[in-house]
Amino acid sequence: MLSVVPLPVIVRAPSKVNLHLGVGDLREDGYHELTSVFQALSLSDDVRFADADQLSVTVRGDDARAVPTDRRNLVWRAAELLAERAGRAPGVAITITKGIPVAGGMAGGSADAAAALVGLNELWQLGLGRAELSEIGARLGSDVPFSLHGSTALGTGRGERLLPVLARDTYHWVLALAKGGLSTPTVFRELDRLRAEGSPPRLGDAQELMHALASGDPHALAPLLGNDLQPAALSLAPALRRTLRAGTDAGALAGIVSGSGPTCAFLCADAEAAVAVGAELAGAGVCRTVRIAHGPVPGARIIDHETEH
Ligand code: C5P
């Protein structure tokens, strides 16, 4: 009998920055109640899925050595979950080309998991809808539904319940990547500790920020960016204060720690300003490397073979 081997599928999945990350109290299940305005950025991972006898994961690109290639990798678990759902063996060779910093606070692991859901849905012709993929994604990690959704969105609950947010125009960002990573659970625990000791200021609601996003003016958005995890990330990695200062000194409109850090994200007035800020930051010796990105961009999506990183 003639068996047809499906062609490999390549999926591009975006990173994210939290424009507003309000962290509420610790819940009984160990998670914090969040109010998060996410924006998906052009800095992305490409993930290739090819038919194979066995499940395997290979990682290439920046930081590849820091990424596990076994069951600890979310793509592995995504493949197992989808295979179980489809009643088939999880035979697939997965190759991740990293562009998103590892343990950087930019949802790199979640991006790969989202890519796996989209890619395997296609490779295995499962016909699952976006809502079903998102529900499976939420079981893998709080940020996975957003990595599927992309654009700009308001997340509540663990961050997994999403509503689209209108963001006019494109925003230009410079990202300062740090030498090491920070573990997300450790940063949340540090925030709990700081809160038990005193009361680091908490963000208000995100209404004003959402109005600024609808206006499309980065100058209006800049002073409203905020992250409740920032004091915790700075407490664990004090050198980031210098990085943040260097970015605004270089001409960025504002700088924040991205999610749980340690990547710092700088909002710039336009594409030209981002190039200038990026060049100055790269020379300032306050980070490992610098990337320029824009957002919003779409969530995890299939791309042509020619456009793969
Ligand atoms: O959902 P995910 O596995 O990505 O979360 C990683 C960790 O981040 C959790 O185990 C928890 O420590 C912390 N977290 C949290 N509250 C959230 C999301 C994540 O405390 N809403």
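Glycine residues also receive a Cβ, built from the backbone N, Cα and C atoms like all the rest.
Just so it is clear, the model here is predicted, and its values are computed rather than measured.
Feature annotation from TrEMBL assigns active site to LYS16 (among others). LYS16 (active site): 33 other CB atoms within 10 A of its CB, across all protein chains.
Taken from TrEMBL, the feature domain 'GHMP kinase N-terminal' applies to 73-150.
What TrEMBL records for PRO101, VAL102, ALA103, GLY104, GLY105, MET106, ALA107, GLY108, GLY109, SER110, ALA111 is ATP binding site. Around GLY105 (ATP binding site), taking its Cβ as the centre, 28 other Cβ atoms fall within 10 Å, counting all chains.
Summarising the annotation, TrEMBL assigns active site to ASP143 (among others). Same-chain residues at least 6 positions away in sequence with a Cβ under 8 Å from that of ASP143 (active site) are, in sequence order, LYS16, PHE38, ALA107, SER110, GLY159, GLU160.
Counted with DSSP, the domain 'GHMP kinase C-terminal' (209-282) comes out as 43 helix, 11 strand, 20 coil. Per TrEMBL, domain 'GHMP kinase C-terminal' is recorded for 209-282.
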Are there any residues at least 6 positions away along the chain from GLY109 (ATP binding site) with a Cβ closer than 8 Å to its Cβ? List them or say none. ASN73, LEU74, GLY141
Other C-beta atoms that fall within 10 angstroms of the C-beta of ALA107 (ATP binding site): 31
Helix, strand or coil for ALA103 (ATP binding site)? Use DSSP. coil
Other than PRO101, VAL102, ALA103, GLY104, GLY105, MET106, ALA107, GLY108, GLY109, SER110, ALA111, which residues of the same chain sit close to ATP? List them in sequence order, counting a residue when its Cβ is within 8 Å of the Cβ centroid of the site. SER15, ILE100
